[in-house]
């Protein structure tokens, strides 16, 4: 699957801004996206922690790369939002099956979770959306953005071939201004569970033993048969995050990532500087957005917005408060 979708992931986004026009530019064999113009016990859950009255931040948060040669040195005034959302419940979550990279859709409950996630972030600016190549993450991103007060339309960027780009071209400049690019990448996919994919979790534990299955699921560097360990998943997910997403945050652009438990766990491990032991006990609730503020070269975790009118979230930064006021003025 990685080989078939690698071209789909070779996309970079440049000069993103709210209301910007966007187009494409071909570079050698790659297509470049360009904008023009304007629980088990002992686990930790990241969900409704850090609500409206909480201002806790991560100790020694990850810093953005400072590279004058690449032009990625963030300005002191630069500030952006990073939203992480684990997809809502899938049909195989409901059936208690190992899903991994099998592409299954959301359940009705998962749809509701995605909609609720969207309501929680409906006042937070989003300039670009990244998702995995799997439908459950893409459904979550689309449903969440449908709740956003700005009412921009999320549109999947098709860069897998020159024809796909040409056939999906938008010819209305006004429509482009009211659109948000959605970039899909296999590197953000769930951990590949190998020969466990499609097996019932309880039946697998009965067959191989609870300890063995627990080791496959919760160890950091031990993969299931012919599958990926969390360490292997982190290697691809974090590399993509650094190469493709961090430059947009450095530029002050607001980013939403809709992905999976293990790919997002890997990114949070990087941002919060968790150890391999800490990350294996980290649980992410389905459909609960996690907000980071990227400011002065640092990622500062602000938890999950409890609702669209939650005062505390918008008091964290002046820019978020100003954006919310702008929406109030536009849609009152």
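Just so it is clear, glycine is given a Cβ too, placed from its N, Cα and C backbone atoms.
What TrEMBL says about this one:
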- 86-93, 99-100, 136, 190-193, 201, 217-218, 261-262: substrate binding site (BINDING)
- 87: active site, tele-phosphohistidine intermediate (ACT_SITE)
- 190: active site, proton donor/acceptor (ACT_SITE)
- 260: site 'Transition state stabilizer' (SITE)
Do you know offhand how many angstrom separate residue 89 (substrate binding site) and residue 260 (site 'Transition state stabilizer') by C-alpha?
11
Are there any residues at least 6 positions away along the chain from residue 261 (substrate binding site) with a Cβ closer than 8 Å to its Cβ? List them or say none.
86, 190, 283, 284
Taking 10 A as the limit, how many CB atoms besides its own sit near the CB of residue 260 (site 'Transition state stabilizer')?
28
Neighbour tally for residue 190 (active site, proton donor/acceptor), based on other Cβ positions within 10 Å of its Cβ:
27
Between 86, 87, 191, 201, which of the recorded positions has the fewest other CB atoms within 10 angstroms in the structure shown?
201
What whole-number Å value do you get for the CA-CA distance of residue 260 (site 'Transition state stabilizer') and residue 92 (substrate binding site)?
14
Check the binding-site residues 89, 100 for other C-beta atoms within 10 angstroms of each C-beta and report the one with the most.
100
Can you count the other CB atoms that lie within 10 A of the CB of residue 92 (substrate binding site)?
19
Quick one: pull the CA-CA distance for residue 100 (substrate binding site) versus residue 87 (active site, tele-phosphohistidine intermediate), whole Å only.
13
